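One structure is given here, and the rest of the page talks about it.
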Amino acid sequence: MGVHPQLNKNGELQHLLTTEGLPAVILRHILDTAESFTGVTERDVKKIPLLRGKSVFNLFFEPSTRTRTTFEIAAKRLSADVINLNMAVSSQTKGETLLDTVDNLSAMHADMFIVRHNQSGAAHLIARHVRPEIHVINAGDGWHAHPTQALLDMFTIRRYKQDFHALRVAIIGDILHSRVARSQIHALTTLGVPEIRVIAPKTLLPAKVERLGVHVYHNMVQGLQDVDVLMMLRLQHERMESAHLPSTEEYFKYYGLTPEKLALARSDAIVMHPGPMNRGVEIDSEVADGTQSVILPQVNFGIAVRMAVMSILAGN
């Protein structure tokens, strides 16, 4: 492989593992390709033959409904054969190693692995291990990265705001446990967003988060002033220790997005959420269902973005 673990020797995308270090030209190419696929979802026949004859294996070692479903829909729209494996109850529980599992599936002529795992670095490990004709997409690994979520977020921002170069973007909530936040920050920076803010209590921020080039706020009143894009994050109770948080009610009081807090941002600001959403914890229903929310379009764009990634990896 080339200088970057995701690129081949020609500088083309070989795997999608993280947004960190991905060149802007590749990020833009994915977004442009996704734009060309949005029309497919509007057609009577929602299929194009770009992945016909290819086998795509969904390896989800962590539960997921939305991400797994959108990957499956995206692959099927490209005419791929999709094999869904519930890894949580399969060979892994019988003691087979991750790479043994991958070797066995590779022997079944897999062309692409879509991997979600609770261990950071799992997708990188698989990418280093597989034959060069097999492509790996990271669908979320531990606290580390979730690149396709960040890409669909970038696509959504570009749809509503056109240009990245004059935006103030705030990421609000459980930054500490969020692989989405890390991927968003890397993508926003690469695409030229001049000001990225993170707003969270100190207990929900990673150490030295400022090194990522973000402005840190612990207060919504200050942090939301003149913001163009609000990216809400859920509290990840499954990755959290009780010490991180007094109560969800108290969290909502200070960090939940209400109409009153949203009014501090720009009047044309958009509200995003990667899902699943906890109403009454990080976001008020009135905001989630309101005119500034783009949460449902985000989900829809996820299909086109994942189609784009798979299509580019397959050499189209």
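For all residues, glycine too, the Cβ spot is worked out from N, Cα and C.
Under the three-state DSSP scheme, PRO276 (carbamoyl phosphate binding site) falls in the coil class. According to Swiss-Prot, the carbamoyl phosphate binding site annotation covers ARG66, THR67, ARG116, HIS146, GLN149, GLY275, PRO276.
Summarising the annotation, Swiss-Prot assigns L-aspartate binding site to LYS94, ARG179, ARG234. In the three-state DSSP scheme, ARG179 (L-aspartate binding site) falls into the helix class.
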Distance [Cα-Cα, Å, rounded] between HIS146 (carbamoyl phosphate binding site) and ARG179 (L-aspartate binding site): 6
Packing count at ARG66 (carbamoyl phosphate binding site) (other Cβ atoms within 10 Å of its Cβ): 13
DSSP three-state assignment (helix, strand or coil) for ARG116 (carbamoyl phosphate binding site): strand
Fewest-neighbour residue among binding-site residues, criterion Cβ within 10 Å, set THR67, GLN149: THR67
Number of Cβ atoms other than its own within 10 Å, given for ARG179 (L-aspartate binding site): 23
ARG234 (L-aspartate binding site) and THR67 (carbamoyl phosphate binding site), distance between Cα atoms, whole Å: 16
Distance from PRO276 (carbamoyl phosphate binding site) back to ARG234 (L-aspartate binding site), taken between C-alpha atoms, in Å: 7
